[in-house]
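Listed features, source Swiss-Prot:
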- HIS84, HIS183: heme b b562 binding site (BINDING)
- HIS98, HIS197: heme b b566 binding site (BINDING)
- HIS202: ubiquinone binding site (BINDING)
- 34-54: transmembrane segment (TRANSMEM)
- 78-99: transmembrane segment (TRANSMEM)
- 114-134: transmembrane segment (TRANSMEM)
- 179-199: transmembrane segment (TRANSMEM)
- 227-247: transmembrane segment (TRANSMEM)
- 289-309: transmembrane segment (TRANSMEM)
- 321-341: transmembrane segment (TRANSMEM)
- 348-368: transmembrane segment (TRANSMEM)
Amino acid sequence: MAPNIRKSHPLLKMINNSLIDLPTPPNISAWWNFGSLLAMCLITQILTGLLLAMHYTADTSLAFSSVAHTCRNVQYGWLIRNLHANGASFFFICIFLHIGRGLYYGSYLYKETWNTGVILLLTLMATAFVGYVLPWGQMSFWGATVITNLFSAVPYIGQTLVEWAWGGFSVDNPTLTRFFALHFLLPFLIAGITIIHLTFLHESGSNNPLGISSDSDKIPFHPYYSIKDILGLTLMLTPFLTLALFSPNFLGDPENFTPANPLVTPPHIKPEWYFLFAYAILRSIPNKLGGVLALAASVLILLLIPFLHKSKQRTMTFRPLSQTLFWLLVANLLILTWIGSQPVEHPFIIIGQMASLSYFTILLILFPMIGMLENKMLNH
């Protein structure tokens with residue numbers, strides 16, 4: 001029999017073992033589609049970003065006009081920009097759903113895969129933040145000012161840290177240039193960490209909705225899941241293109257149509273929608289350092305999840321009490337997102353504080369307690 005190049009060639013062999021002959025559980029649901037969707041988002045963002053970078057000028061006096069020029073005068077420049085801006089939103093929608101799936105089905109028990117995933121989330125957040133500054137509109141400028149200023153809360157070295165990040169005594173040209181450099185670099189770092197993420201995943205194989213071993217009953221990835229991934233992609237592409245083509249500015253801030261002006265502060269400074277939950281937690285603590293610590297904890301808490309798993313069952317499929325708590329957490333995050341978009345006044349302040357408190361309470365206290373309670377109930 002002739003040797004199969006797919007299985008013998010050093011490079012093709014790696015692709016084959018990851019995407020073609022990969023043994024996969026036969027019962028993974030559509031919730032397992034988001035990994036491939038995230039990969040597609042990353043590819044789309046890198047390609048559109050590369051095309052935008054060809055027409056962008058990282059200079060405070062030219063950045064805003066260079067983006068306007070791209071949209072007006074470059075062939076399909078408006079389309080490339082709208083795909084890139086809304087692609088970021090879909091990237092976050094997919095990663096939030098992907099993390100939600102991991103929480104619900106106990107995928108976090110693959111600790112290395114989970115931890116590299118958290119690192120990916122942090123890198124994605126950093127990339128989105130520096131990217132938002134590049135068009136140099138009002139919200140770009142003031143968002144950069146407010147968020148970089150948070151570093152000054154670090155005891156002793158805070159102010160030095162901020163000035164070092166700014167490259168001066170305020171957000172100015174050096175800040176914009178370095179943010180562009182970082183925004184160009186980080187997606188490739190994300191691609192690298194993604195490969196590590198997949199390497200760890202393929203060490204153990206995929207989890208499944210039942211949370212039990214499927215080693216005795218695996219099927220090849222291709223054609224079963226390759227076709228399912230293509231279906232998932234078309235289903236994501238429909239709302240994505242609808243948004244990017246029919247209402248491209250729906251998720252953006254109107255303030256960003258005004259060029260950056262250091263002398264005029266916008267009435268409400270708020271980040272893009274995908275950061276609002278963390279922004280609400282930051283604002284709910286009236287102390288600067290406390291707020292920064294809560295902000296960091298709101299994402300880094302994910303690293304603790306594997307250690308807070310007290311249930312004898314891996315997934316929540318057969319745990320109705322934990323399911324209720326999970327959906328309570330989802331509702332809580334939606335409330336935080338809404339609060340983050342509102343001005344700092346009554347009743348939003350107290351709602352934000354209650355929602356922030358319940359966010360940490362659910363994750364740190366209630367999940368482990370309910371897990372142990374369910375174990376006890378199973379014994380009776």
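Cβ coordinates come from backbone N, Cα and C, glycine included.
Across 34-54, 179-199, 227-247, 289-309, 321-341, stretch 179-199 shows the highest tally of CB pairs under 8 A with the transmembrane segment (114-134). If one looks beyond the transmembrane segment (179-199) by at least 6 residues along the same chain, the residues whose Cβ comes under 8 Å of a Cβ in the stretch are 18, 38-39, 42, 45-46, 49, 53, 56, 58, 113, 116-117, 119-120, 123-124, 126-127, 130-131, 133-134, 144. HIS98 (heme b b566 binding site) has a Cβ environment of 20 other Cβ atoms inside 10 Å. Counted over residue pairs separated by six or more positions, the transmembrane segment (289-309) shares at least 3 Cβ pairs under 8 angstroms with the transmembrane segment (348-368), which defines the two as touching. Sequence-distant contacts of the transmembrane segment (78-99) (same chain, at least 6 residues past either end, Cβ-Cβ under 8 Å): 31, 34-35, 37-38, 41-42, 44-45, 48-49, 51-52, 67, 70-72, 117, 120-121, 124, 128, 131, 236, 240, 243-245, 248, 251-252, 272-274, 302. Here HIS98 (heme b b566 binding site) is positioned 23 angstrom away from HIS183 (heme b b562 binding site), judged by their C-alpha atoms.
All chains included, 21 other C-beta atoms sit within 10 angstroms of the C-beta of HIS197 (heme b b566 binding site).
In this structure, the CA atom of HIS197 (heme b b566 binding site) is 24 Å away from the CA atom of HIS84 (heme b b562 binding site).
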